[in-house]
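J.: Okay, handing you the structure first.
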């Protein structure tokens, strides 16, 4: 199905005939419009023939392969590119206050503070502006290829990616030493001596030295150590400022007087004491508990006996079925042997007749 907006067009006249400006008026069908769609425009005045080479005499080609495939070049090319652009920016900043028009001045423009501000209508566009722009771009791009490998460049710093072994070590250390928020600093103890507080501080540094050395860069200074809580508050508070097991046992013993805690406080390293129950056997609670336990034991035993009886009954049923099937197999085997003996005693002629009668 053809579209109603497109029509057949006439072939475009060659360039030579266009420059010679034929006297006939151009047809509207050449522009994709239907014939007779509008009034024919007046014929254009003949233009003087102009050579095609006069558009831009100093036309040069620019190699942009470096921007299309930068992987084919080394890192020095990119470093030189960035350094050259920074030098150009510095030169622009230095030449700006001096009164120059910057990179936007064209040749022949009046120099001065108002040179770049003056309108183009007063002076007219400069001749050969396209050629000047092409030469400007060539001058900007040529030093990029000339300065590659210059000895005056500073050494290029290449960022190294972390290896898999280092990442595995960091993950292992992060699992062994998980980050925990530091506890708030405790109030200074009036009777604590500096020598008494030195040992926990040293142990804290030793415990966290592996994690600190892995996460810090070589050039960064070591941060100050985290203040260590006082050893007097260790039984009450754990490593993360939470109540230790000793305080929980004490609170449980205070709530239930029938529970007694064994010796040993929480966080001492020797292990918390085992809690032992002392229940009075003459109390009603003990009797109710024993009765419930006995009932549960009886129920479980009754269920076990019932399952045993059901299993025995099923075994008996299966055994009887097996005997019945065995007897049936023996009977069928005897009948088969009898039939085989009968067919063996019959002559072949009778067998042929029997087969003919069946057919």
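Any Cβ shown, glycine's included, is placed from N, Cα and C.
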J.: Of 96-115, 176-195, which range does Swiss-Prot call region 'Disordered'?
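T.: That would be 176-195, the stretch labelled region 'Disordered' in Swiss-Prot.
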J.: Please list the DSSP helix, strand and coil residue counts for the domain 'bZIP' (283-346).
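T.: Breakdown, helix to coil: 62 helix, 0 strand, 2 coil.
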